[in-house]
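Since the structure comes first, as structure tokens, the remarks are kept for the end.
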Amino acid sequence: MAESSEPPVVLLHRPPSLTFMDEILTREFRTLITDTSSSESLPSFFPRHASSARAFVISGRLPVTDELLSHLPSLQILVCTSVGIDHIDLAACKRRGIVITNAGNAFSDDVADCAVGLLISVLRRIPAADRYVRSGNWAKFGDFQLGSKVSGKRVGIVGLGSIGSFVAKRLESFGCVISYNSRSQKQSSPYRYYSDILSLAENNDVLVLCCSLTDETHHIVNREVMELLGKDGVVINVGRGKLIDEKEMVKCLVDGVIGGAGLDVFENEPAVPQELFGLDNVVLSPHFAVATPGSLDNVAQIALANLKAFFSNRPLLSPVQLD
């Protein structure tokens, strides 16, 4: 790639609160910053200010459509600060010759920690017990109902990638028996492999969802899966909300078809089914599994490394395969 006397123009789009990329990019590039609170629409802003932008850094879940890309004629690389890329029209990027990078393993430790935290919270009923004490009910009514032990649980992991592997290692420390379902069997994995999620659910007490959202994994956890998991079964989701048929999950939780759920992601964020709010066997968090200062610093460094590599014609650190 030809050298230029001026730094390349990089476009950064982010929510107003996520400023962690601003300084690191402006030190290296001519950076244009837009945020989700702007009164000017992106199709209006781009032609007037960003037509020369060669890189587009997205912090958040902006839908990247073919129509949006049409307003960025100079764009060559799309840098996502998320691992999931289901908000991007991959076919349009491929057709336009735009390469894509994602966050790689920047969030894996923190998401795995959150998954384990949700599982412990659901099984031991920690948030419900906290509310019981704060409300004064302990003094009024005595002991709180018992939770379930974590140790020894059979845990099925859906998606044994980086995050799924980290979840497995953490839960091994609790004496949990790990098995998994993934696109293909991992020859180096010591865990039992199930080729379909129905068998995984039938032979486990817990399902932890760590996989990407694709056409194949959309609603991978449906009513049949939850019925096989059983009345004491628990679902933990730190992947994507649409991995679960949310309406059926709500019915299963209310009717006692499954025993509980720990959810960091939802089908129509930030909307959450109100039926979940009154259930003590459900623990909710606002899609924050990835969000710690350490992980945000990690992803900023990965994004910067990808940009530097691209503009120096070196291999990318975390490329997304479009084939």
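Numbers run from 1 along the shown chain.
The backbone N, Cα and C atoms fix where each Cβ goes, and this holds for glycine too.
Look at Swiss-Prot and you will find Arg240, Glu269 tagged as active site. Annotation comment: Swiss-Prot describes His287 as active site, proton donor, evidence class similarity to another entry. Residues or ranges marked as NADP(+) binding site in Swiss-Prot (evidence: similarity to another entry): Leu160, Gly161, Ser162, Ile163, Ser182, Arg183, Ser184, Val238, Gly239, Arg240, His287, Phe288, Ala289.
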>> Could you state, as a whole number of Å, the largest distance between Cα atoms of any two of Leu160, Gly161, Ser162, Ile163, Ser182, Arg183, Ser184, Val238, Gly239, Arg240, His287, Phe288, Ala289, the listed NADP(+) binders?
In response: 29
> Hey, of Leu160, Ser182, His287, Ala289, which of those recorded positions are within 10 Å of Arg240 (active site), Cα to Cα?
Replying inline: His287
> Out of Arg240, His287, which of the active-site residues has the smallest number of neighbouring Cβ atoms within 10 Å?
Replying inline: His287
> How big is the Cα-to-Cα gap, in Å, between the residue listed as 'active site, proton donor' and Ser182 (NADP(+) binding site)?
Replying inline: 23
>> Which secondary structure state does DSSP assign to Ser162 (NADP(+) binding site), in the simple three-class scheme?
In response: helix
>> Whole-number answer please: how many Å between the C-alpha atoms of Gly239 (NADP(+) binding site) and Glu269 (active site)?
In response: 13
> Per residue, counting other C-beta atoms within 10 angstroms of the C-beta, which of the binding-site residues Ser182, Ser184 reaches the highest number?
Replying inline: Ser182
> Once near-sequence residues are set aside, which residues in the chain of Glu269 (active site), 6 or more away, have Cβ atoms under 8 Å from its Cβ?
Replying inline: Gly241, His287
>> Taking only same-chain residues 6+ apart in sequence, whose CB is under 8 Å from that of Ala289 (NADP(+) binding site), what do you get?
In response: Phe107, Asp110, Val111, Cys114, Ala115, Val238, Asp264
> Over all shown protein chains, what is the count of other CB atoms within 10 A of the CB belonging to Ser162 (NADP(+) binding site)?
Replying inline: 18
